[in-house]
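Features as listed in Swiss-Prot:
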BINDING   Cys60, Cys62, Cys75, Cys78  Zn(2+) 1 binding site
BINDING   Asp450, Asp452, Asp454  Mg(2+) binding site
BINDING   Cys818, Cys892, Cys899, Cys902  Zn(2+) 2 binding site
Amino acid sequence: MVDVNKFESMRIGIASPQKIRYWSFGEVKKPETINYRTQKPEREGLFDERIFGPQKDWECACGKLKGVFYKNQVCELCGVQVTTAKSRRERMGHIELAAPISHIWYFKGIPSRMGLALDMSPRALEEVIYFASYVVIDPKETDLEKKQLLTEREYREQLLKNGFGSFVAKMGAEAIQDLLNDVDIDKEVSELKEELKTVTGQRRVKIIRRLDVLSAFRKSGNALSWMVLNVLPVIPPDLRPMVQLDGGRFATSDLNDLYRRVINRNNRLKRLMELNAPNIIVQNEKRMLQEAVDTLIDNGRRGRPITGAGNRPLKSLSHMLKGKQGRFRQNLLGKRVDYSGRSVIAVGPTLKMYQCGVPREMAIELFKPFVMAQLVKKELAANIRAAKRKVERQDSDVWDVLETVVKEHPVLLNRAPTLHRLGIQAFEPVLIDGKAIRLHPLACEAYNADFDGDQMAIHLPLSEEAQAEARLLMLAAEHILNPKDGKPVVTPSQDMVLGNYYLTMEEKGREGEGMIFATPEEVEIAMRNGYVHLHTRIGIATKSLNKPWTENQKDKILVTTVGKVIFNSIIPEGMPYLNEPTDVNLTTSTDDRFFMDAGQDIKEVLAGIDTVRPFKKGYLGNIIAEVFKRYRTTATSEYLDRLKNLGYHQSTLAGLTVGIADIPVVEDKHKIIDAAHKRVEQITKQFRRGLITDDERYNAVTGVWRDAKEALEKRLIDEQDLTNPIVMMMDSGARGNISNFSQLAGMRGLMAAPNGKIMELPIISNFREGLSVLEMFFSTHGARKGMTDTALKTADSGYLTRRLVDVAQDVIIREDDCGTDRGLVISDIATGKEMVEPLFERLVGRYTRKSVLHPETGEMIIADDTLISEDVARKIIDAGVKEVTIRSVFTCKTPHGVCKHCYGINLATGDAVEVGEAVGTIAAQSIGEPGTQLTMRTFHTGGVASSSDITQGLPRVQEIFEARNPKGEAIITEVTGTVESIVEDPATRTREITVKGKTDTRSYTVGMADVLMVEEGEFIHRGAPLIQGSIEPKHLLQVRDALSVETYLLGEVQKTYRSQGVEIGDKHIEVMVRQMLRKVRVMDNGSTDILPGTLMDISDFEALNETALLNGEMPATGRPVLMGITKASLETNSFLSAASFQETTRVLTDAAIRGKEDHLLGLKENVIIGKIIPAGTGMFRYRNIEPLADLTNAPEVEEVETETVEN
């Protein structure tokens, strides 16, 4: 028996008739399944035990031989071999077909492989196979052509004319088989290659396609005639089961019906042929057999699908593989697993970062085998069976054992949809009463979970290795940073933010203002006894606070508030005292203006200091990031728990509530509204007089109401009272934003109609005043549209993620350094005046490609091939450097992956990336996960300036990654040179731009409404846009090189995401874009044996040319091809990965013809065949580590081992 997990690769091919017979354990001759009286399988039927194996383990059909003793013996009564019933899942049968039958995949697929092999049109093939025409196989001496089609009538005429036997013509798949047998592949290939040198146009394309198929057959060793079946395999019966329902009826797999149709027709055909029936009857039966086999292989591919009960099309063999419910996606890529459960989640505010609460009755079921083993070990149960009974009875000792078993055994919690890797994290279980899983409040953001009825699944890692990995790599306390941008993902929210905001507020003139304390303990006593308030401004001796003071701050008195003393008491030692929400205070030290000498009057000092704003949500995130940067995970997760507890405690003490009286009233709201009404009347009058168009009127009216809403909003912000609880919630970032506030206190404003257009009638009321019936009706439109948009967007975004993961799943960090000499020059990404992504963010965590010098002094800031830290990046920016050359994924030479230096740091840990990290999947998740936050709409820019629609949001991201022609396309120049002239032509409402290059001059026509990006006399490089809009990347690739296209696409994706406030690290987009440009199309094959027009991986192409050059031959030339992610996924080298993605039958047909070998480099292929994935700890270099023998203790170790075995 081969070891299932040891093979290197997997090959697929076309099965020869001999192979099918070799697989088979016997011929299925009858369409019968089960005898309805005895409930036993019929002999020679579809469930025959003699062919497929016994239904019960170690027992023959008649019951004569029972037990393992008779292993592998064949019963002489019933002829059944004694073996396990599992063999019914493995043993195949076969049907000997009475006539050859064509395989529908090879005849009907696009392009028709049979047609290309024979140089016949698919239509001609169809006529022959389905007995509509004869095809000439051997014309002999007649004037007929080989492969010429003859109708029944022409055939008879030719027979009369030339005599019987003067030529050979046949019908059906038999004819096709004869023709396929006649093809001499080697001869055809050499003839076609000769012809290829001279022809052009359509004929050339046709020849290349034929050559492709023929050379595929030649290389793979498949015979052309195997595309026609003489023997049909029958799959094992347990894969097409038949089960009895209560009531004596049977439910059966559709395949059994399909097989029965084939067997019935095959048997009838045999009988007709034995009887020498008239030719027409036999032909009809053959055609019906052909159709039956077609239906079995792929129902509905040709003609109308065969339906079963209730007009449902039957599921054929092809449908078993296809789609979400097919074998690949349903059973191979995702399986249901044991040792799992699910329940509703509730908040666990008392838990530590690394803990979760697991209900006892869930835990007892999950940990059952562990508990049973412990019971036996502790001699609380005699054997496993007794232990099992004990657990089922839930005896009292079971619970104590459970406590010990659960200790330090991490569990995995997963919330669907799992959009990124933080959707599954490990926690240490804490047993609780009740039935809900308890989740740590800070883990919510990563899971995107809330407690309004969300459910979560729980899984148990079983083996020691799995537990170790869960503990070391997946523990929730380790996941402080978000892999997409390297920012903290566990920032406090809601109550925690509110409590800390309230704690750090300052108020002038609160009780006890100006008191000076010696120690923090004194402050606390004073507060407890009501001498001071949390917000009171006080002084405290710096020497009592264990903080890194500067020299001139020591032995002074710090002016701060009571709350801030408490807030700073939980911050790790070594961090500065935080007295104001500034970056300087956080990274270096507290500002000197907050310090006074012991003799000074504190009242005077306080009068000179303005009140400081409290700490909001964003600043808390900065503090966490700084703590992480200094102390890494353990200290950060401890600090987070302290911050959480403090926040909850203080918000409870603060007791903030909201009532209708807390919503402020804008006194002169009616004035603003009246002014708006007047302005709208003026606009309407202008329109009536014909001074403005209807579009202009519409834009002006909506503009007026927008301005009115903004004016009210501005008033609310200017007049807001910072002690108002609603304002506090909003200002702190705990809940709500200015738009919610302005709808409560200002006006609701304009609403969208069902068609997405904005209605001119605004909602003037706010929620405090209450809406009128009409206003309420209008708001329902917008609300309903919002809901549908969200639902559609989620599906779209999920599908985008699936395609992204598929195209990048085999990108893994495979080596330390690829040694490339190329790099990527980067600078700020900006659109016009607006900064999209500053250079600083693009530098941090990357390696340099060239050393960076100070522009003025010329001294070296950082050497070549060195990691850029935040501090160095800050130095580079401060020196005024505008461009830096860095190592980039785009220029990495590692085949099938990336190297450490081209990738840089792993954003999730802040350290250098490890070999084995699955960066492709992480990149795909980082781009897909925020997809739901992008808008669905394609924005209309409004106004007259630019009339074209510019796609934005999710549709734009899809457009970029699918490499489609963009809407609102920008015209680009194809030459480098100077803009000579821009001439307007009022008659045609166009402008002509002339660009003069060194060798030639080009002219481009653009519309009057287009916004120009160039001016006369400007020097531009080829590929530069002349007008505003999106460049078509495929056109850019023709004009410039691949790197320019990659850089452009990177910038475009960043613009789309950043405009919506989503930050994503460059490297993730680089990984995805590189996958779109992995292929080269061969233009001229030189002296290599590759076909022109072939798509090849860049690394394979370069290796091929290297070999050619070493042998002194002509290398091939090719041009890079830009593919959309769907196309790129289907063109991957792994047929398993492509088949499980989309177009399963097409991918498998093609792979079978080529005899493709899958080297199992990616993640998907290995998941499908059940091998450990070649990433992370499953990587080859980590799995084959032999422990070094320590020879000094060798004998003792052996003894210990034998003892454990005996135990």
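Glycine residues also receive a Cβ, built from the backbone N, Cα and C atoms like all the rest.
Here the features listed in Swiss-Prot are placed on the structure.
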| residue | record | Cβ within 10 Å |
| --- | --- | --- |
| Cys60 | Zn(2+) 1 binding site | 24 |
| Cys62 | Zn(2+) 1 binding site | 14 |
| Cys78 | Zn(2+) 1 binding site | 17 |
| Asp450 | Mg(2+) binding site | 11 |
| Asp452 | Mg(2+) binding site | 5 |
| Asp454 | Mg(2+) binding site | 16 |
| Cys818 | Zn(2+) 2 binding site | 18 |
| Cys892 | Zn(2+) 2 binding site | 25 |
| Cys899 | Zn(2+) 2 binding site | 22 |
| Cys902 | Zn(2+) 2 binding site | 29 |
Zn(2+) 1 site shell beyond Cys60, Cys62, Cys75, Cys78, criterion: Cβ within 8 Å of Cβ centroid: Ala61, Gly63, Lys64, Leu65, Glu76, Leu77, Gly79, Val80
Between Cys75 (Zn(2+) 1 binding site) and Asp454 (Mg(2+) binding site), the C-alpha gap once rounded to whole angstrom: 58
Cα-to-Cα gap, Cys62 (Zn(2+) 1 binding site) vs Asp450 (Mg(2+) binding site), nearest whole Å: 61
Inter-residue Cα distance where the pair is Cys78 (Zn(2+) 1 binding site) and Cys892 (Zn(2+) 2 binding site), in Å: 66
Number of Cβ atoms other than its own within 10 Å, given for Cys75 (Zn(2+) 1 binding site): 20
By Cα-Cα distance, the member of binding-site residues Cys60, Cys78, Cys818, Cys899 nearest Asp452 (Mg(2+) binding site): Cys899
Inter-residue C-alpha distance, Asp450 (Mg(2+) binding site) and Cys78 (Zn(2+) 1 binding site) (nearest angstrom): 63
Assigned conformation of Cys899 (Zn(2+) 2 binding site) - DSSP reduced to three states: strand
Residue pair Cys78 (Zn(2+) 1 binding site), Cys818 (Zn(2+) 2 binding site) - Cα distance, angstrom, rounded: 66
Distance, Cys60 (Zn(2+) 1 binding site) to Cys818 (Zn(2+) 2 binding site) (CA atoms, angstrom): 62
Distance [Cα-Cα, Å, rounded] between Cys60 (Zn(2+) 1 binding site) and Asp454 (Mg(2+) binding site): 52
